Amino acid sequence: MTAAAALLVAVAFDLACGEPPAAVHPVVWMGSAIQALKRAAPAGGRAAELLFGALMALAVPCFFAALGAGVAALLAPHPVLALALSGLLLKPTFALRALRDAAYGVRDALEAGDVTGARGALRSLCSRDPSELDEPALVAASVESVAENASDSFVAPLFYFALFGLPGALFYRAVNTLDAMVGYHGRYEYLGKASARLDDALNFVPARLTALLLLAAGWLRGADARRGLAVLLRDGGLTESPNAGRPMAAMAGLLRVELEKRGHYRLGDPVEPLRRGLIDEACRIVVLATLLFAGLAAALLAAVSFGLGQELFR
């Protein structure tokens with residue numbers, strides 16, 4: 001029961017307060033550790049970089065998972081304290097309010113007619129170069145990022161919390177942070193390869209689960225769920241990432257729009273124009289989808305805690 005309550009406490013804290021200060025934010029600590037390891041990485045030599053990168057991909061997540069396990073063990077005899085602290089420690093592994101607020105930053109700038117400001121705000125959502133994006137492209141990039149990050153920033157960490165507790169959520173967040181910092185082409189091609197592959201593996205189920213949650217939330221909000229499913233099945237595998245395209249394609253279908261990253265992919269069909277109000281609707285669908293998942297996960301954790309899980313799966 002403590003795990004279910006801690007999950008709900010963490011979600012409530014996120015929606016009410018947002019992100020904790022950087023000094024006490026575990027993801028900031030992860031970033032600092034990764035930055036130090038990047039500086040210590042061997043210079044040159046693919047084999048050396050691959051080996052060092054593989055060690056990074058295991059050492060950093062395992063270290064933070066071990067910290068989570070240690071905290072959980074210390075708190076086990078104290079249920080009330082465990083509830084409060086577990087919720088506070090779980091919160092930094094996901095970021096729903098920050099995701100929504102970043103998207104609203106793009107929307108607000110567009111509503112003010114400030115395309116340059118919207119391009120700057122988009123940098124908080126994704127790593128794409130926004131310098132040449134016009135308003136429709138900024139809307140598309142925002143909608144894509146909100147949909148994709150519904151998985152990375154919310155569903156995935158809570159999925160691993162439900163399976164493995166606080167250590168699971170911290171392990172996932174460390175892997176995802178590694179992928180963000182070194183798991184891309186270019187300078188860190190070989191250093192980040194293991195992190196990128198591990199991130200792909202960990203996100204395989206959550207990304208597809210997120211797409212289904214978006215369809216359910218979209219249906220509840222009166223969006224075109226039938227088209228959402230069709231576009232998910234048709235276009236979900238068109239992105240370079242094996243996972244990112246699933247929630248993005250579902251969202252494209254729900255909103256009846258085409259989401260394009262020029263030179264890379266096109267998801268959905270241009271039935272409706274890319275207007276700035278779609279950022280609001282995408283955020284509403286994502287918030288509803290993630291809250292549905294949080295409620296479902298909490299209910300399952302509570303059921304298992306009360307011993308109902310054994311009866312259900314006997």
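Don't overthink the numbers, they just go from 1 along the chain as shown.
Cβ coordinates come from backbone N, Cα and C, glycine included.
Look at Swiss-Prot and you will find 55-75 (among others) tagged as transmembrane segment, backed by sequence analysis.
What Swiss-Prot records for 152-172 (among others) is transmembrane segment. Long-range neighbours of the transmembrane segment (152-172) within the same chain, counting only residues 6 or more positions beyond its ends whose Cβ lies under 8 Å from a Cβ of the stretch, are 3, 7, 26, 61-62, 64-69, 71-72, 86, 89-90, 93-96, 98-99, 202-203, 205-207, 209-210, 213, 290, 293-294, 297, 300-301.
Long-range neighbours of the transmembrane segment (200-220) within the same chain, counting only residues 6 or more positions beyond its ends whose Cβ lies under 8 Å from a Cβ of the stretch, are 147, 150-152, 155-156, 159-160, 172, 175-176, 228-229, 232, 236, 241-244, 246-247, 249-251, 254, 285-286, 288-290, 292-293. Here Swiss-Prot flags 200-220 (among others) as transmembrane segment.
Remote same-chain partners of the transmembrane segment (285-305), defined as residues 6 or more beyond its termini with a Cβ less than 8 Å from a stretch Cβ, comprise 1-5, 7-8, 11, 96, 99-100, 146-147, 150, 154-155, 158-159, 161-162, 209-210, 213-214, 216-218, 220-221, 223, 251, 254, 312. Here Swiss-Prot flags 285-305 (among others) as transmembrane segment.
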Same-chain residues near the transmembrane segment (55-75), Cβ under 8 Å, at least 6 residues beyond its ends: 26, 29-30, 33-34, 37, 41, 81-82, 85-86, 89, 165-175, 178, 182, 191, 194-195, 198
